[in-house]
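> After the structure tokens below, expect a handful of questions from me.
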Amino acid sequence: MTQDVVTVSSQTAGTIKESGTHSNPDNKTTSPSTWKSLSKYACFDSEAERQWWNDSGALIARFLDIAKGDIHEQYQYLLFVREVVIPALGPYPPIRRCCINITEIGIELSLNYQGPGKPVFRVSLDPISEMSGTPMDPLNIDTVNDTVARLASIGLKDFDRTLHYHFMSEFCMPEEKAKTYQQDSREPMAWSQMILGFDFKDGNVVTKEYIWTRHAAHASGLHPHAIIRRAISRVDDQMRCSAAVNLVLEYMETFNADIPVPFFSWDLIDPSESRLKLYGIAWQWSWAKVEEVCTLGGKLQGPATDRSIGLLRKLWGILKLDEFTPSMAFTWNYEILPGQTHPNVRIYFAICDRSDEEVAQAVSQWFNLLGWHETARSYPETLRYLQPNRDLKKTNTAHTWLSITVTEKGVYTSLYYHPLGNGPDDHNIRKTWF
């Protein structure tokens, strides 16, 4: 990581102010009282932490305000962010070394709408330490391990490290191989192999973990799917998901053989309760590909699948995806619940290729289609509240992705956002992430 290290100079230090000082028409200031209160006597271990708190910390406080949790929950969540997330973000300005979003910054923010009520706020985190990317921790495994240990010490409700240890033992290569991985694989940068995710819901923090498969495949010489099958077989007595996993992998091997499952995720809870999500990507953007993914190449049929395809086709039209090809890869995941024989499908639409104002109007149109009329009406103003420093007619990265899952229980829409309130709006599209 030496080539990517960013030093905060004395000229930079102390110049970052809270991200947003305006008020919106509903008289909500862009600096919630929760953030101001926790900032008053805050002590940080470094100038970088202070600047992260003043930028992304203030932005996160606005997201928590949008999520409409009670004041006690907002304080608890912000304290978690300050104590766990902020220290794991590394230098400020940020190192551009992460593959969880188009900004290459190691934090991603999202809102999950499960109906017309309040959304669930979520954070994805690629922790950074002084060892990250160095020969001491080339694939960032030790740094993630330390963060998971810290989470365990906090005493999060239902937190369980069983699957963390299991999948780490199955996919993380020996230390000596890890030290030479970047050179041996000829990758331009040694991305982290594991990242974390947090859902702030019902007063609790639910933790998820993601792992990339190509590192283990390169080190072992095995196909990524062979390692996935082996790893799942060893915990299937608890997760009860092998039938659905095999269905997904067979589809991928038939229709997407050039790009095997690049990463997958699970919940850090008891394995018998954990979901498993297998991700796929393709550089082919077409409606035919969406239908193929949603039906597993024709193997998934029925009213629920038909409804999903019908709604996705309408969203495809709202986003005008017949008129241009997004610069990001087409992405999806298959979510498998314990005991489930067929997965739920989530489709991700890249929305960073047009103005944020245009995207906000499209999101409003989508919410109206679902009957969430108040959420639809307020969404453009919600975005201006979250990002008051952007001219939304000119910027195009306040949003990054929009994802949809349609199940028998309802329609779930997630929107993913730029993690900075003050930072530069530029981003580079890498086709070598996976």
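Keep in mind that glycine also has a Cβ here, set from the backbone N, Cα and C atoms.
Model, not experiment: these values are computed from the prediction.
According to Swiss-Prot, the feature L-tryptophan binding site maps to E104, I105, E108. Feature annotation from Swiss-Prot assigns substrate binding site to R122, K208, R275, K277, Y279, Y348; the stated evidence is similarity to another entry. The feature compositional bias 'Polar residues' is assigned by Swiss-Prot to 1-14, 21-35. If you look up Swiss-Prot, you'll see 1-35 marked as region 'Disordered'.
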> Of all the binding-site residues given, namely E104, I105, E108, which is spatially nearest to K277 (substrate binding site) at the Cα level?
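The answer is E108.
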> In the same chain, outside E104, I105, E108, whose C-beta lies within 8 angstroms of the Cβ mean position for the L-tryptophan site?
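Nearby residues not in the site list: P94, R96, C98, I100, N101, I102, T103, G106, I107, D126, P419.
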> On the Cα atoms of R122, K208, R275, K277, Y279, Y348, which are listed as binding substrate, what is the maximum pairwise distance in Å?
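So the binding residues stretch over 19 Å, Cα to Cα.
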> Based on Cα distances to Y348 (substrate binding site), point out the closest of the binding-site residues E104, I105, E108.
E108
> Taking E108 (L-tryptophan binding site) as the reference, which of R122, K208, R275, Y279 (the binding-site residues) have a CA within 10 A of its CA?
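Close binding-site residues: R122.
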> Taking the Cβ of R275 (substrate binding site) as reference, which residues of that chain separated by at least 6 in sequence fall under 8 Å from it?
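W266, D267, E335, I336, L337, P338 - these are the non-local Cβ neighbours of R275 (substrate binding site), listed in sequence order.
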> How many whole Å apart are the CA atoms of Y279 (substrate binding site) and I105 (L-tryptophan binding site)?
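With the alpha carbons as reference points, the distance is 20 Å.
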> Measuring Cα to Cα, how many Å separate K208 (substrate binding site) from I105 (L-tryptophan binding site)?
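Checking the Cα atoms of K208 (substrate binding site) and I105 (L-tryptophan binding site) gives a distance of 19 Å.
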> Quick one: Cα separation, E104 (L-tryptophan binding site) versus R122 (substrate binding site), in Å?
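Rounded to a whole number, the Cα-Cα distance is 18 Å.
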> Quick check on the binding-site residues: of R122, K277, whose CB has the lowest count of neighbouring CB atoms inside 10 Å?
K277
